[in-house]
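The following features are taken from TrEMBL:
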{"type": "TRANSMEM", "residues": "32-48", "note": "transmembrane segment"}
{"type": "TRANSMEM", "residues": "85-104", "note": "transmembrane segment"}
{"type": "TRANSMEM", "residues": "111-130", "note": "transmembrane segment"}
{"type": "TRANSMEM", "residues": "136-157", "note": "transmembrane segment"}
{"type": "TRANSMEM", "residues": "178-197", "note": "transmembrane segment"}
{"type": "DOMAIN", "residues": "248-302", "note": "domain 'DUF2179'"}
Amino acid sequence: MDGIDWDGKRMSSKIKQIYLRYKTPLDQTGKVIFRLLLLTVSAILTAVNTKTFINAGNLFPGGVGGLTLLIQRIASTYFNTAIPYTPINILLNAIPVVIGFRYLGKKFTAYSCYTIVLAAVITDMIPPYVVTYDVLLISVFGGVIGGFASVLCLWADATAGGTDFISIFLSVRKGVDAWNILLGFNIAILMVAGFLFGWDQALYSILFQYAFTQVVKALYHKYQQQTLFVLTDKPREVSQAIYAVSQHGATILNGIGSYEQGQRHIVYSIVSRGEVRQIMNVIRQVDPKAFVNSIQTQVIQGYFYQKPTE
């Protein structure tokens with residue numbers, strides 16, 4: 001990538017304004033309040049979803065929440081014992097929380113713990129409520145609500161706990177796609193649930209988890225990448241603008257236009273998908289005539305900068 005003295009004199013005044021705008025942190029009090037608001041809404045949605053759609057359909061969501069419900073139902077069905085949701089869920093989250101504190105950041109983990117505990121407590125407090133008895137509707141809408149609750153957590157730079165800690169740890173620290181590991185964990189839960197309680201609920205749970213995953217993929221893009229090709233007459237300014245927003249560098253290529261046979265400059269950069277809209281806006285400010293092609297990136301080999309969790 002092209003090395004540029006980002007804080008030096010070569011940076012134009014317009015680029016400096018963009019750089020300082022994205023570099024300067026937001027008001028901390030407002031940021032904390034906003035994060036807590038998102039996490040509180042997420043916890044409430046998670047609890048309500050559990051006591052309405054998930055319980056009504058006898059579904060088993062993925063991750064630690066699904067394992068908690070499985071343990072509860074095993075205790076209730078086979079041992080005639082009612083176990084509260086909160087202590088099981090917090091106990092199962094203990095090891096992932098330790099991983100979070102050690103490797104992912106104390107603030108990130110503290111906010112996640114707030115969500116885990118609040119969701120568990122509210123789940124035990126509110127009574128069950130049946131919205132519909134149609135298991136297909138329960139599976140789809142329960143998955144959509146659960147996915148949206150998870151996205152609210154991710155927008156607040158936190159997680160709903162459990163396997164999310166492990167997934168982010170493997171993605172950020174090890175560069176490993178954790179999808180297959182988490183899929184195997186969820187399949188194990190569904191196999192046990194299907195064997196003990198019938199395969200109908202286990203199969204509907206797959207539909208629930210699919211809807212959940214699609215919502216997360218559609219609304220949260222931090223760990224997805226896009227490749228940008230920018231045709232511009234201001235390659236250095238565009239490169240600086242990309243860095244100002246994303247802290248990702250760029251490579252400047254020379255090309256020839258096929259129609260006019262004129263010299264053209266191409267700025268090539270890979271950025272996080274969630275940053276593309278902001279980058280498009282600042283490129284338009286720097287060079288209104290720039291032509292931008294954005295392509296979804298499937299595989300990256302090598303180092304790709306991710307903004308660290310706090």
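Our numbering is plain: 1 for the first residue shown, then up by one each step along the chain.
Cβ coordinates come from backbone N, Cα and C, glycine included.
A quick note: this is a predicted structure, and the numbers were derived from the prediction, not measured.
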Fill in the blank from the handout: Same-chain residues at least 6 beyond the ends of the transmembrane segment (178-197) with CB under 8 Å of its CB atoms are 58, 60, 62-63, 66-67, 70, 73-74, 77-78, 163, 166-167, 170-171, 203, 205-206, 209
Completion exercise
Outside the transmembrane segment (85-104), at least 6 residues beyond either end, the same-chain residues with a Cβ under 8 Å of its Cβ set are 50, 64-65, 67-69, 71-72, 112-113, 116-117, 120-121, 123-124, 159, 161-166, 168-169, 172-173, 309
Problem - Spatial neighbours of the transmembrane segment (32-48) far in sequence, C-beta under 8 Å, 6+ residues away - result: 65, 111, 114-115, 118-120, 122-123, 125-126, 145-146, 148-150, 152-153, 155-158, 160
Handout entry: Surrounding residues of the transmembrane segment (111-130) on its own chain - C-beta under 8 Å, 6+ positions past either end
Key = 35-36, 39-40, 42-44, 46-48, 50-52, 55-56, 84-86, 89-90, 93, 97, 100, 153, 156-162, 164-165
Exercise for the section: Over the domain 'DUF2179' (248-302), work out the mean pLDDT and round it to an integer. Expected result: 86
Handout entry: DSSP-assigned states of the domain 'DUF2179' (248-302) in counts, ordered helix, strand, coil
Key = 14 helix, 23 strand, 18 coil
